[in-house]
């Protein structure tokens, strides 16, 4: 009976405020958000279309890029439609379980994105440091296993969160001061002992960011050593040029995370909308920028896009 009472104290729905303090600007703020979301959808869908349709691009690097595009599509589509509904139609209500599902997808796909960026660093390491073994090391089955490992790690780490949140009594009301259901924003409404949730959330974030970035950094240390040993300067530029797109994707993904983390600690008294805008920037910027980075810097994709436009014009 006690267990039944505990599980029945959550609200039927939460109310998402949007961006606290900037409610009067929601319509104007929605314009760049909608533009960025449209670019993310078009760019990532085009990448997937090009990679799927061109057998010459069925290589490990492009398979990882296709995974990244799918993850970016899910990440942006998990949050942006509801955010735009809040900004345009003031549709602030979200079902309690829909909120937990949104939170699960948001955090789990963020973890998957970090894993795929790590896999792409491994791909560049093998391509530059072990070029003769590239085709034998990065086989189709290995790429499939890496993809499954990324999904398994994310799902395993994030599955406990919805069950942990479901058991709380939400006595602080149903209003979430955010644009979407983020773990800590929901925890702040809960009563009782939430220390485990706080520690678990921080531990997972630190484990993912620190561990993945550590291995990415190690990969590039080995890559740099290999590049500097090449005979000609032209060969150095050419070898390192194959990494530029991946480095851009890493910077576009991790820079907002680091800035947001620093702001939470350094500028704790900053207005809530500052932290929320940074969180939204993290969700919007990588999905919008990654297709542009790879489209501009990757010759095969760039040539394919240009040929498509050339055919249409002819």
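Residue numbers in this text run from 1 along the chain shown.
A Cβ is built for glycine as well, from the same backbone N, Cα and C atoms used for every other residue.
These features come from TrEMBL:
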type	residues	note
TRANSMEM	25-50	transmembrane segment
DOMAIN	43-294	domain 'G-protein coupled receptors family 1 profile'
TRANSMEM	62-88	transmembrane segment
TRANSMEM	94-122	transmembrane segment
TRANSMEM	142-165	transmembrane segment
TRANSMEM	199-223	transmembrane segment
TRANSMEM	235-254	transmembrane segment
TRANSMEM	274-296	transmembrane segment
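Ranked by Cβ pairs under 8 Å to the transmembrane segment (235-254), the stretches 142-165, 199-223, 274-296 are led by 274-296. Comparison of 25-50, 62-88, 94-122, 142-165 by number of C-beta pairs under 8 angstroms to the transmembrane segment (199-223) places 94-122 first.
Where the transmembrane segment (274-296) meets the stretches 25-50, 62-88, 94-122, 142-165, the count of C-beta pairs under 8 angstroms peaks at 25-50. Same-chain residues lying 6 or more positions outside the transmembrane segment (62-88) and placing a CB less than 8 Å from one of its CB atoms are 16, 18, 26-27, 29-30, 33-34, 37, 40-41, 44-45, 47-48, 51-52, 94, 102, 105-106, 109-110, 112-113, 116-117, 119-120, 123, 143, 147, 150, 179-180, 249, 280, 283-284, 286-287, 290-291, 294, 300.
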